[in-house]
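**Q** For reference, the structure I am asking about is given below.
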Amino acid sequence: MDKKVVLITGCSSGIGLSLAVRLASDPEKTYKVYATMRNLAKKERLLGCVRELHRDTLDILQMDVTNQQSILQARDSVVEKRVDILGVGLMGPLEVQSLDTMRQILEVNLLGTIQTIQAFLPDMKAQCQGRILVTGSIGGLHGLPFNEVYCASKFAIEGACESLAIVLQHFNIHMSLIECGPVNTDFLDNQQKAELGDASLDQVDAATLDLYERYLHHCTAMFHNAAQDTEDIVKVFLSAIQASRPAFRYYTSGALPPLVRLKTSAPEGCRFIRAISQLIFPTDTAEQPP
Ligand SMILES: NC(=O)c1ccc[n+]([C@@H]2O[C@H](COP(=O)([O-])OP(=O)(O)OC[C@H]3O[C@@H](n4cnc5c(N)ncnc54)[C@H](OP(=O)(O)O)[C@@H]3O)[C@@H](O)[C@H]2O)c1
């Protein structure tokens, strides 16, 4: 049987790394994995996780999703392409975000993802088959305080994927979003985050800083109590890869759909905004919006 050829972005760490290791180490050698990363100096971590026995199922390629040339070079090195997964984050009061940093988030999370799909689409359409899996986030399903630009990038990718899926179904290409809540990766450490005490926060008013501090505490507690391991996320990716008719959305945790229902059940009201606020700032007695 022909191997399934899978291309994964962001394999230097986190979910991309775990997915590459799992697929390359498949006991049946079902997959040929093209694991891409923007900095090949980081490839030892991946190589260290894949046993010699399975190295023939793994190729590591350089690919920066914000650089079209590197995407095209990677594309030209593979036979088929099916999986896409990566992203970066940005956290802090909006007042202190620079335009350059905001652009970078949109470049990677939104345009990088779209540009990558764009490069592989003609071949996939010509073959009239394939799968595209994109890592979504709870931050693409509802707003999160102090994550305005990250959420904007993740909301935007939801819209892009929903729109594209309508066309792709006519080409037997399945698009799936794997919606994640908190996951135990370096994501929180890697993301560009305004740290309390940073000089950039000097210009922020005290009330906002107080909310930000409470949000950071909430985040730390949430990751401590509820973060999933990358292996849990990889299982969901595998369901989407192996299903004969994959769903458009997969939620990695049962905690996510109720939040989405809360939003869609009263889309016009502030009840949802208050509910999210109460989740994150539970002791808040501040005046509520009408
Ligand atoms: N962890 C969570 O709690 C969580 C929750 C919801 C959704 N997600 C989503 O999951 C995805 C993966 O995140 P993760 O948790 O695995 O975080 P991670 O460990 O920080 O991995 C992010 C990956 O993206 C790569 N990357 C960044 N910019 C790139 C570029 N321009 N071109 C190519 N690769 C680039 C990084 O490579 P370098 O090593 O070179 O920086 C790294 O491999 C993201 O889309 C994120 O939004 C994560």
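Even glycines carry a Cβ here, placed using N, Cα and C.
Heads up, TrEMBL stuff is auto-annotated, nobody curated it.
Dumping what TrEMBL says about this protein:
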BINDING   10-38, D64, K154  NADP(+) binding site
BINDING   S137  substrate binding site
ACT_SITE  Y150  active site, proton acceptor
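Quick one: how deep are these features, and who are their neighbours?
**A** Within its own chain, D26 (NADP(+) binding site) has H54, T57 as residues 6 or more apart in sequence whose C-beta sits under 8 angstroms from its own.
Just so you know, the Cβ of S137 (substrate binding site) picks up 27 other Cβ atoms within 10 Å once every protein chain is counted.
Counting only same-chain residues six or more apart in sequence, the Cβ atoms lying under 8 angstroms from the Cβ of Y150 (active site, proton acceptor) belong to G89, L90, M91, I105, N109, S137, G139, L144, Q191.
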**Q** Using CB under 6 Å from any atom of ligand 1, narrow the recorded positions S18, R22, D26, Y34, R38, Y150 to the ones that qualify.
**A** R38
**Q** Counting Cβ atoms within 10 Å of each candidate's own Cβ, which of the binding-site residues S18, T30 comes out highest?
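**A** For the binding-site residues S18, T30, the Cβ with the most other Cβ atoms within 10 Å is S18.
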**Q** I'd like the number of other C-beta atoms within 10 A of the C-beta of R38 (NADP(+) binding site), please.
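**A** I count 19 other Cβ atoms within 10 Å of it.
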